[in-house]
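Chemist: Okay, handing you the structure first.
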């Protein structure tokens, strides 16, 4: 039986839930599908269906990023449910890098917590400028003053990371919205209020449709008898069946052919910038592909391992390290969906200033040498991490080798 064709009838937006572990991100995602399924605007997805991987169920936390589809009266959404546990921040980076906007879920019982802050920081670093807050579990709060304090604390946190002062904060209870036994469910209205805020507050992103095709690979699957499927968000350009694309990364460059294109298990005639797609490829084995590699229009991207960058090192107050950084320092660099070790040297400009070390809060020009050659270009942004935390952010200003 032929698969349903994905028809683009509304503007497409990538949205996602971020926030601390156990604050209700996955429950909220399930509640959104529950409410919209009544109007045939989503397929109902339970908490267990969203948290479907064995290791997720075993630990009771989200490890991978789950993609859910739904629509409102005016938009089509791809919703990414992001991990909240500190051990899996790198997967959160993969998911968040695909978002046009985010829903920050904060428990009214706990208030903002460590991962709340880190997720906001990461969102800012990877270019998410529009956030909506869902203050969850308010059914467990009897004192309005406590609720006001949590909202104030959340506003202060948004201000600290330079998010707008008019950021909507919706109060509600995702779990209560899922309760079938309530005769009058005011909590469902709160989900609609959240969706209305999404439609009105998150602007339609400008897609780079005219630039050469580029997709950063997030995941890889093998379909017996058919070939290898890669998934990810199209960063720019477009792609269709029969196109030849180049796979690049980890010292590998190879041309492959697109023989299948899907979005949410539906056949896609053409994939465009902003779409989260699955691409069936001919001419490559699953073992040859790694997360972090990219697909691009042939001859538009090349492999490099040494670049110059403008870098900002976070202060302790921003969640950064306390100690200074010296030449030879080897942290992890996160570019698109790849995380890779690299060593730093001071650029000639930095050396001319007499700099011997970099202190938290400094902005410097650095030369970075990665352990593998990867696809990169001027203007690419990256995060720098060590020991489970983000310690810096930068932008590539020149390719050296």
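A Cβ is built for glycine as well, from the same backbone N, Cα and C atoms used for every other residue.
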Chemist: Between 128-131, 132-135, 136-139, which stretch does Swiss-Prot give the note region 'G4'?
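Modeler: Checked against Swiss-Prot: region 'G4' maps to 136-139.
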Chemist: Pick from 50-54, 55-59, 60-64, 65-69: which range has region 'G2' per Swiss-Prot?
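Modeler: So the range that Swiss-Prot calls region 'G2' is 60-64.
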Chemist: What range among 45-48, 73-76, 77-80, 81-84 does Swiss-Prot describe as region 'G3'?
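Modeler: Residues 81-84 are the ones Swiss-Prot records as region 'G3'.
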Chemist: Out of 11-18, 19-26, 27-34, let me know the one Swiss-Prot marks region 'G1'.
Modeler: 19-26
Chemist: Looking only at C-alpha atoms, tell me how far residue 138 (GTP binding site) is from residue 26 (Mg(2+) binding site), rounded to the nearest Å.
Modeler: 17
Chemist: Where residue 26 (Mg(2+) binding site) and residue 19 (GTP binding site) are concerned, what is their Cα separation in Å, rounded?
Modeler: 10
